[in-house]
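Asker: Submitted below is the structure of interest, expressed as structure tokens.
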Amino acid sequence: MAAAAASHLNLDALREVLECPICMESFTEEQLRPKLLHCGHTICRQCLEKLLASSINGVRCPFCSKITRITSLTQLTDNLTVLKIIDTAGLSEAVGLLMCRSCGRRLPRQFCRSCGLVLCEPCREADHQPPGHCTLPVKEAAEERRRDFGEKLTRLRELMGELQRRKAALEGVSKDLQARYKAVLQEYGHEERRVQDELARSRKFFTGSLAEVEKSNSQVVEEQSYLLNIAEVQAVSRCDYFLAKIKQADVALLEETADEEEPELTASLPRELTLQDVELLKVGHVGPLQIGQAVKKPRTVNVEDSWAMEATASAASTSVTFREMDMSPEEVVASPRASPAKQRGPEAASNIQQCLFLKKMGAKGSTPGMFNLPVSLYVTSQGEVLVADRGNYRIQVFTRKGFLKEIRRSPSGIDSFVLSFLGADLPNLTPLSVAMNCQGLIGVTDSYDNSLKVYTLDGHCVACHRSQLSKPWGITALPSGQFVVTDVEGGKLWCFTVDRGSGVVKYSCLCSAVRPKFVTCDAEGTVYFTQGLGLNLENRQNEHHLEGGFSIGSVGPDGQLGRQISHFFSENEDFRCIAGMCVDARGDLIVADSSRKEILHFPKGGGYSVLIREGLTCPVGIALTPKGQLLVLDCWDHCIKIYSYHLRRYSTP
């Protein structure tokens, strides 16, 4: 296990292991003691104290944003591996594992295929001579093994492509089934509504018949009630008559005749009533009512059919061209969404530079001047604007007069002919970053094949470089005409010298860094780059091109590290997701944080201020025009927002 670890050991890897990724200071056994979070990342104790002081329920890891719920640093364990590497004796032992497996004193140059050992030249000549042993240089053996792995990787990628096609076909089948389910359910609903209409008509007829019976019976009952009331009145009248007789004198009562007949009051009342009785006679269904039944029948679907693939349609919008505006300060009107920067914290400048909103250029679409998820922005010294339009697979070039042209991948050669003949899709240009040097060459990092491509302004590709690049991302142009490219997975910054006729003529490693991504440079050739992976917490579509860094480093043209801006650039402020940078004429650094949705300003002399804090959705690129206007590329708004930027002196803390 130690030998396997030592095979990948180098000075850059040791520096990455022995430095805190936040403050970029080397770990020590005291104040900068390495502490291990629950997610597995290592941070020094000093940075953890700041993280713990600025949170309530724990520490949020700047790498993966997972929360380690602790109340004290004593609850975290030390990274014993890092502490062991700090020991000089242990480090010497690890370096010794990189030597010849036979003598252990010299660097290996040969590889014995028979024994599986890396050997130095004297050991090979002494003990590993043919025919008993087959030896070859280490580089050739490694390249041979890489080719074997590459063939296996190619087969696996073909298999992955086939699996993706089958998954897409299966998704199409699933959507078709869902549509069929919905259609059958709608048909059932129509039939159910028809039955409900029939039931409503039946209920109306039934209630009408019941109302007729109720009316007839009511008439009989009312007539009988009328006769009873008359008889009751007659009875009351007779009662009053007899009461009066009872009160008469004896002589008068006896003198009246007593043979008066008593009237029959109930003679007119009927003895029987003829009414209509009702009852419910059930007709039709004997069992429960059923509208219909779902009938199943077998259906065979070929998952390799092309009909199962989901087709996408893009809506075209009106074209909007970019035109740089010439406006006086009196004509500038601030947008209600873009307010001047306010002071934030005790470290903010007292006289803060104001950036007023001027205009928004472009919208979502595929026509010239429109954008679809733009990810990179670059402005040349002549005022030309280059935009990496990732969603439309192109680079758009604008001049001060408006849209100039677009650059796409123009396939040529026998491979493209074969792909076209077979009906396969041609490779696209998937730009991640773009820049133009002083020679008029346009450098683009392409995520389609993880390469650096260099184009002329006419769209002709003069170079395509993949060697030494694992995942190229950011690119910038030095004043000398060289391109600097960041390799996120390789952890290096590469410097390329490109010739218009010969392509890439020279390349070298400028420096190493922790997952460098976005890059820019000033007029003196100092390169600024982001480090680490800060996740945008509002990345709703899981788009990895919207993830940025959480600290900034710099390196000179000679490879010497310079100014560093750590994760905590202020006492109470930190980076969340750096997605773009640029440098103004004074050497001040301007940073776009897509998670904070703000544009930050870091003067060369120190301090910071917030230039723009409102009106941005997801800023991913910024650049300054020669006329002093600040261009902000808003990815989720699919446009360029233009602000005023005045170069004036002000004091910083």
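Here the Cβ of each residue, glycine as well, is placed from N, Cα and C on the backbone.
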Asker: For the feature phosphoserine in Swiss-Prot, which residue out of Ser339, Ser410 does the record point to?
Answerer: Ser339
Asker: Tell me which range among 103-133, 165-195, 258-288, 444-474 Swiss-Prot lists as zinc finger.
Answerer: 103-133
Asker: For the set Ser55, Ser65, Ser209, say which residue Swiss-Prot annotates with phosphoserine.
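Answerer: Checked Swiss-Prot: the phosphoserine annotation sits on Ser55.
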Asker: Give the residue counts of the repeat 'NHL 5' (606-646) per reduced DSSP state, in the order helix, strand, coil.
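Answerer: Its residues fall into 0 helix, 23 strand, 18 coil.
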Asker: Roughly where does the coiled coil (138-197) sit in mean pLDDT, to the nearest integer?
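Answerer: Result for the coiled coil (138-197): average pLDDT 89.
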